Amino acid sequence: MKARNRSGGTPGWWSSPIYVALLLLLMAVPLLWPAFPPLDDVPTHMGRFRIQAGMADAPTLAAIFSIHWIPVGNLGADMLVWLIQPWFGIELATKIVVILIPVISAGGLLLIAKEAHGELPASAAFALPLIYGYAFHYGFINFSLAAGLAFLLFGLVLRYQRLKRPLVWRMLILLGSVVIYFAHIFGWVVFGLLVGGNALYRHVTGWRISLGMIRAVLLEGLLLGLPLIPIMAWRSGDNGGETSAYFDILHKWGWVESAMRDRWVQWDGMSALLCVGLIALGIVGIARMNRRLLVIFLVMVAFYIFIPYAFFGLIYADMRIAPLMLAIGIVALAPRRGWGRTATAFIGLLAFGFVAARTATTTVSYARYAQDHDRWLKALPHIPSGARVVALIAPPCPRGWNVPRIVHLPSMAIVRRGAFANDQFEMPGAQLVEVGPSIPRDFAYHSSEQVRLPGCDRPEPLLAERIARIPQGAFDHLWLLGVDPANRPKEKWLRPIWFDERSVLYAIVRQKPAAAAKARAQ
């Protein structure tokens, strides 16, 4: 007897478990080869993971860093890596956790599509490349994990609402919101948009709003409220953060165009515009659009337009939402029933081809970033274990679509050498790790790293100015990245111990006070 879907038809190959499993496996492929995920912020995350894993074997780290456990909504990958790193080590544990993120996200999106439409639409796979969006490439792994969990849990909520299991789906929202919040607070916001949009669809049946409708929507919204308890504890005092840049429409469209920004501007930009075009086909009625997911998509669009660039200290707030919003818009789509099985299968092949093409190019891109990282990190074996390293980085000027992911590589000195490097994030109330007073604040955190070379019109300070301000007694090595031989310093207190055409490592030679005063006078 042939299997039937919920609409009574025979399911196509595009909704088979084998096809779904293939899609999930493809989501992991780009991250398999690199030694660690070649995402911009990931080395800094790994440095923090190394510190949080314990510093008994790294006296320099123990002397400089301190850990303050607070109910911060930014712990997703931190907790998972902390749990498994005793067996795998920091780098492999991070790689495993990051590989899980696109797999979980894809599973959640496909489950949402299946539950909303009754079967998996042939077009649903078009949404999957958006998981490898700009926020993911940027290395926002806690947020990306939280967003993936939000998709997965919301798919389960839809399933148990369909099965008329109210206690189960309510508990999924109630407890799931806590899990997602601790993974990342903005993932909880995404979950709230999904649940809130779904509540509007379920209870608002026309233009006339009744008290019963409002009460029903609010009651479902209250299920999301448990994280407000740790939020009030976390955000008390001076931890509120900046909120700025509302309604910057040009930047809003720019983040949509950049939703898949990675390496190739034409390919990445056209891929994002393809996603926008597909959603437009549904909006104008050419393709079928599920009403429930359309309502959720419109809620996300409204939020995206309203949300500022910086939201309570969270930067790139709107950029993070853009690919998720597009993904929901695409899983809302389905071929019209009158198009026939052949046309629907062709759409399924196009969707799979898009996934395969984006996966292939992302795999190549990540492999090239990983090879580039290996070349940059050749300085690491020359850094003594437990050293105190001040790093200064001069990224390319001007900076284009494809920017070398080098600004956080100094944290690999923390991971692999147990050394200090000035690359941890300074976000009061949002980070567990703090740099102690033995490191001057002006050179303690990531904000102190970036410099510009002469002739570069950027806001960062000049390399020579930063070198002149280095407190020589606080550090024993200077690591310059992105500085060509012609622009390297000639100070006598800097002794080169390793270099290539793009990077140089110096030992800082301690000067006697009289000699130091004389050098400054010159």
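Cβ coordinates are placed from backbone N, Cα and C, and glycine is handled just like the others.
All annotation found in TrEMBL is predicted automatically rather than curated by experts.
The model shown is predicted, which means the values in this text are computed figures rather than measured ones.
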* To do: Among 58-77, 118-137, 338-357, indicate the range for which TrEMBL gives the feature transmembrane segment.
  => 338-357
* Structure fact -> Beyond a gap of at least 6 residues from its ends, the CB atoms lying under 8 Å from the transmembrane segment (92-113) belong to 20, 23-24, 27-28, 31-32, 34-37, 39, 42, 45-46, 49, 77, 80-81, 84-85, 120-121, 124, 127-128, 131-132, 136, 141, 144-145, 147-156, 158-159, 293, 327-328, 331
* Asked: What same-chain residues lie close to the transmembrane segment (270-287): Cβ under 8 Å, and 6 or more beyond its ends?
  -> 123, 126-127, 129-130, 256-260, 294, 297, 326, 329-330, 332-336, 354, 358
* Paired segments the transmembrane segment (338-357) and the transmembrane segment (172-195) in contact, 3+ CB pairs under 8 A -> no
* Stretch contact, the transmembrane segment (143-160) with the transmembrane segment (12-33), Cβ-Cβ under 8 Å, 3+ pairs -> no
* Structure fact -> If one takes Cβ-Cβ under 8 Å and requires six or more residues beyond its ends, the residues near the transmembrane segment (12-33) are 5, 95, 98-99, 102-103, 105-107, 110, 114, 119-122, 124-125, 128, 131-132, 341, 344-345, 348, 351-352, 355-356, 359, 362-363, 365-367, 370
